[in-house]
Amino acid sequence: MNPQTWLPLAIVLSSLLPGLVIFALREEQQRLRVTLNLLGVTVKLVLVGWLLYGVSQGLEFRFSVPLLPGAPLVLQADALSLLFVALSSLLWAATTLYAIGYLERSPLRSRFFGYFSLCVSATVGIALAGNLVSFLLFYELLTLATFPLVVHRGTPDSLAAGRVYLAYTLGGGALVLMGVALLHGLAGTPDFQAAGYLLGQVDEHELALRVAFVLLIAGLGVKAALIPLHGWLPQAMVAPAPVSALLHAVAVVKAGAFGIVRVVYDVYGAEALLELELTRPLLWLAAATILFGSLRALQQQELKKRLAYSTISQVSYITLGVALLGPIAAVGGLVHLVHQGLMKVTLFYCAGNFAETLGIHRVREMDGVGRRMPWTMTAFSVGALGMIGIPPIAGFISKWTLGLGALEVGQDWVVLVLLGSALLNAAYFLPLLWRGWFATPADWHENRWAERRLETHWMLLLPPMFTALLSLLVGLLAATALSPLGWSQLIVEREFVL
């Protein structure tokens, strides 16, 4: 079989097949479970590297099999899908290593890593999906694969959070299904196309296209945590730290945001949306979510909940960039897809380290933690300063580009939203940094790995240091062609007609 045909499928299977084997392992088969996890990570990274090289050489990669009448299952690589695939694969590798250390003494590890692998397979499938029906299939698989991870601990709080998560995400999936079905009836299910494929339907089916857009954005907005559909995300913080990192930086919220990008640019297209006058409400909603999430984060005293509301705010920068319908703004939204992932996964790794090593769960318990865990606190500081938008960390690049994009299309008020959010971010992150570095150390109960020479398990320490370094490097090297910013510019030039 031609590699240009099977490579997209192989990338999905590289985590799916090890995950299915891991389900069958006994708990005491730790070495084999770790080997399968690391083997899947390695194979996926190699295959993604192969795919990146092939696309850079002008090769086309497309896998297709019949699924429904007029709607085949399609996996294909384009510049946009590669951005998300590369991010997901890289952060899956880091999070797998982190999870192995985090769950070293925990029960039910085979179940956890089995669903963990399914979750990443679904995320990569979402990235590579070549049409709306294929996207929907993997989108729903992601919901089902992440639910057992949210309820993994089996406590009353985690079970309650799981029920809320399932209610929100299944409801959102139903809305996406209705939107996809409506568009299929109007225009079939062609592959995603640059500038979309619905412009010719606007005059004849104006109302139906508006209804379908609202259904799709509402459904995708659940996972993207747009208000008022965000309620599941703070409650899901009862999940283990690797799951929180997965939800916020790698999989769930990114799947919703990525879906919005696909619908706006590769299904409808900018020209059709301008005729239908649909992007202005989306822009207002994204701006409101940015400010709402920042304000709610400021009120939280639990560390992970503060980070959760921060995610609600930060992910909406992606939607904001998309809804502005300008080339510079589109670049800003796309690059934030990567930058937010790197910074937010760093913060959740660090929060997990604080909790598992010193029992830190609340803001007031962070006093002096930088003296006991300096490397973890350094990584946390990089992530927090990046979220505020301090140069040269990744977040500054995103927000600067979005601001320029807003000015380009005459939406000056968006710059005020960005500035307001940055001030609120500073208000809820800087006190954490002050407490961690300068306050008198709290009285911690060192409950894990206190006897080790390092400040915590090396598998918990390496991932946040790695992602914090990446958060710095993508900012410092933003002007290079291979940076996320350069890649995002290439996507806009090649695929989006604005």
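Using the three backbone atoms N, Cα and C, a Cβ is placed for every residue, glycine included.
As recorded in TrEMBL, the features of this protein are as follows:
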type: DOMAIN; residues: 129-421; note: domain 'NADH:quinone oxidoreductase/Mrp antiporter transmembrane'
type: TRANSMEM; residues: 6-25; note: transmembrane segment
type: TRANSMEM; residues: 34-53; note: transmembrane segment
type: TRANSMEM; residues: 73-100; note: transmembrane segment
type: TRANSMEM; residues: 112-129; note: transmembrane segment
type: TRANSMEM; residues: 164-187; note: transmembrane segment
type: TRANSMEM; residues: 207-226; note: transmembrane segment
type: TRANSMEM; residues: 238-261; note: transmembrane segment
type: TRANSMEM; residues: 281-298; note: transmembrane segment
type: TRANSMEM; residues: 318-339; note: transmembrane segment
type: TRANSMEM; residues: 375-393; note: transmembrane segment
type: TRANSMEM; residues: 413-437; note: transmembrane segment
type: TRANSMEM; residues: 458-482; note: transmembrane segment
Residues of the parent chain within Cβ reach of the transmembrane segment (281-298), under 8 Å, 6 or more residues beyond its termini: 217, 221, 225-227, 230, 264, 306-314, 316-317, 319-320, 322-324, 411, 414, 417-418, 420-421, 424-425, 427-428
Contact between the transmembrane segment (164-187) and the transmembrane segment (207-226) (at least 3 Cβ pairs under 8 Å, separation 6+): yes
Residues of the parent chain within Cβ reach of the transmembrane segment (458-482), under 8 Å, 6 or more residues beyond its termini: 91, 94-95, 97-98, 100-102, 104, 338-339, 342-343, 345-346, 349-350, 352-353, 356-357, 375-376, 378-380, 382-383, 386, 391-397, 449, 490
Leading contact stretch, 6-25, 34-53, 73-100, 112-129, 375-393 vs the transmembrane segment (238-261) - CB distance under 8 Å: 73-100
